[in-house]
Ligand SMILES: *Cc1c(COP(=O)(O)O)cnc(C)c1O
């Protein structure tokens with residue numbers, strides 16, 4: 001059967017097969033240590049594997065699936081838009097984008113928004129906007145941004161330089177200059193550095209996410225805002241993980257009664273569809289004019305149709321009231337869990353439905369024990385396991401998740 005074997009197509013195919021047999025790397029760049037789980041579909045706070053196993057989802061795609069999986073409201077918004085128009089360029093007016101921007105402006109400190117496809121891109125623009133602001137002010141020598149150690153702003157060159165952790169930056173230098181990391185949450189350190197001539201902004205997460213679920217106390221947020229005002233520098237808050245209802249307010253900064261000049265949003269805002277945004281005051285955004293920034297996909301009709309549907313549901317006092325009530329149930333359950341497993345847990349911390357369990361054994365062991373008990377959690381730095389359920393998780397699923405965490409802790413403690 002020689003016929004056909006020597007055709008150019010067949011030869012190319014053969015060559016590709018031989019090549020595949022000589023490489024060790026997986027077709028997917030191995031930058032993640034993945035759990036041996038493949039999910040096929042989701043229903044609310046549950047994920048179902050290809051084998052039909054059901055897992056209670058306390059991870060929500062790392063604070064992304066704010067309304068759970070396959071939420072009918074979001075499915076309807078997505079499919080209705082998909083049937084009309086997926087994408088048009090930002091060369092034109094986009095009605096869905098304008099509607100979402102107006103909603104975000106109405107419900108926040110901001111006067112203006114730029115839409116992105118991710119939190120990283122929003123952080124990238126935040127850094128650019130800060131620099132442009134000071135250039136417009138005639139002080140381009142002010143470019144240094146004070147950040148906190150242990151922060152996470154994404155994986156772009158600017159975002160890793162901003163966070164500065166060894167794990168993220170190693171091997172990727174030389175880094176973008178202009179960032180100084182201070183000890184996490186250290187207001188005195190900010191006071192010490194902020195009055196220098198080159199300081200442009202202070203940038204941090206009001207509730208540390210990847211770094212191990214640590215809320216900056218309201219009094220400290222107020223003090224940092226006051227220091228920024230006194231020094232005349234910009235306050236940039238990264239609410240990519242803690243925004244969009246996660247803490248029980250639409251945005252975490254609201255708890256402290258302050259407002260930033262610039263803020264990054266992402267994760268929950270698309271409810272699972274890739275979407276991010278940079279929010280800013282008119283003053284902070286004044287250097288950004290036509291041609292100074294752009295994005296092919298950012299704010300496209302499909303993403304914004306879903307974003308509008310998320311905001312319709314989340315940005316209401318009733319929904320946020322329910323988030324706070326559910327957060328109370330979760331916290332109460334977690335306090336009890338920690339009390340009954342002193343060998344496994346050190347403490348509960350967090351805000352709203354953004355909770356962390358600081359562990360005694362390696363946190364990864366609890367995450368794995370969770371898989372065995374069919375509950376999904378997420379590790380974080382500082383030996384913390386994150387619990388980030390959907391904001392509309394039914395009370396019964398909170399109780400079920402707590403039972404499964406208890407089983408996981410029992411399995412771990414018994415070793
Ligand atoms: C996840 C995250 C980012 C990065 O968002 P991506 O969508 O992954 O680019 C930035 N900041 C914080 C606080 C985050 O949690």
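Using the three backbone atoms N, Cα and C, a Cβ is placed for every residue, glycine included.
Record features, source TrEMBL:
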- 119, 120, 152, 238, 239, 240, 241, 296: pyridoxal 5'-phosphate binding site (BINDING)
- 155, 295: N(2)-acetyl-L-ornithine binding site (BINDING)
- 267: N6-(pyridoxal phosphate)lysine (MOD_RES)
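Annotated features, which come from TrEMBL, shown on the structure.
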residue: 119; record: pyridoxal 5'-phosphate binding site; Cβ within 10 Å: 28
residue: 120; record: pyridoxal 5'-phosphate binding site; Cβ within 10 Å: 21
residue: 155; record: N(2)-acetyl-L-ornithine binding site; Cβ within 10 Å: 15
residue: 238; record: pyridoxal 5'-phosphate binding site; Cβ within 10 Å: 32
residue: 239; record: pyridoxal 5'-phosphate binding site; Cβ within 10 Å: 30
residue: 240; record: pyridoxal 5'-phosphate binding site; Cβ within 10 Å: 27
residue: 241; record: pyridoxal 5'-phosphate binding site; Cβ within 10 Å: 29
residue: 267; record: N6-(pyridoxal phosphate)lysine; Cβ within 10 Å: 28
residue: 295; record: N(2)-acetyl-L-ornithine binding site; Cβ within 10 Å: 16
residue: 296; record: pyridoxal 5'-phosphate binding site; Cβ within 10 Å: 9
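The 6 Å Cβ screen around ligand 1 retains 119, 120 from the binding-site residues 119, 120, 155, 295, ordered by sequence position. You'll find the Cα of residue 152 (pyridoxal 5'-phosphate binding site) roughly 13 Å from the Cα of the residue listed as 'N6-(pyridoxal phosphate)lysine'. If you compare Cα positions, residue 239 (pyridoxal 5'-phosphate binding site) sits closest to 267 out of the recorded positions 155, 267, 295. Neighbours of residue 155 (N(2)-acetyl-L-ornithine binding site) among the binding-site residues 120, 240, 241, 296, defined as a Cα within 10 Å of its Cα, are 120. For residue 296 (pyridoxal 5'-phosphate binding site) paired with residue 267 (N6-(pyridoxal phosphate)lysine), the C-alpha to C-alpha distance reads 19 Å. As a whole number, the greatest separation of Cα atoms within the pyridoxal 5'-phosphate-binding residue list 119, 120, 152, 238, 239, 240, 241, 296 is 25 Å. A 10 Å cutoff on Cβ-Cβ distances gives residue 152 (pyridoxal 5'-phosphate binding site) a total of 24 other Cβ atoms nearby, all chains included.
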